Ligand code: HEM
C-alpha cells in the first residue's frame, strides 16, 4: 500500500494515533526488551548442549541441557508476563495485529521450551532424539518470536523514546 493510500485510511489513522509508550519500563526502557535476551540465549544454549551430547556422549552435556532448558523456560515465563502486561495495558500495542502475532509465536515458543524441560525431568536419557528435536524446534520459534518482537519496535515504534537532546 502506498504512503498516500495509508494516510487516507481512517482505520490505520485511528491505530497510529494510539499511544505506544512502554507501560512496564525503568526510566523509559521497556523491561520486556531487556528480559527477552535470557530465554533466547538459553534456548539456543540448550540446542548447543544437545548437539555436543550427540557428538561426544559426555553426560556433562546432558546435565547442561537440562539446566539450560529449565532456565530457558523460567526466564521465558517471566519475560512473557511482562510482555502480556504491555499488551493489555498499552492501547497502541493492543490495537496492532503485529502484537498478537508476536504473542502467539511467543506462546508457542514458551510451550516448546517448557515441554523440552519437562521431558528431560520426567524421562531418563530423553536427549536423543526427542530432546534434540524439541531444542531445534525451540530455536526456530525463538527466531519467529524474536523477529515479530523486533518488528514491534523497529516497524511500529513501540516503546521508543526520542530524546530532544543532541
Ligand atoms: C505473550 C507473551 C509476550 C507478549 C505479549 C510480548 C509482547 C511484546 C511487546 C509489547 C514488545 C514491544 C516492546 C515492549 O513494549 O516491551 C515485545 C518486544 C519483543 N519481544 Fe515480546 N512478548 C511476549 C513474549 C516474548 C518472548 C517469550 C520472547 C522471546 C523469544 C519475546 C521476544 C521479543 C523481542 C526480541 C522483542 C524486541 C525487543 C528489542 O528489539 O529490543 N517476547 N514483545
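Note that Cβ sites are derived from N, Cα and C of the backbone, with glycine treated the same way.
According to TrEMBL, the feature domain 'DUF2231' maps to 28-160. Per TrEMBL, transmembrane segment is recorded for 36-55, 67-88, 100-120, 126-147.
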For the transmembrane segment (36-55), out of 67-88, 100-120, 126-147, most C-beta pairs under 8 A are with 126-147
Sequence-distant contacts of the transmembrane segment (67-88), meaning Cβ under 8 Å and at least 6 residues beyond its ends, amount to 22-24, 30-32, 35-36, 38-39, 42-43, 45-46, 49, 94, 99-100, 103, 106-107, 109-110, 113-114, 116-117, 120-121, 131, 135, 138, 149, 158-159
Taking DSSP helix as H, G and I and strand as E and B, the domain 'DUF2231' (28-160) has 114 helix, 2 strand, 17 coil
In this predicted model, the domain 'DUF2231' (28-160) has a mean pLDDT of 97
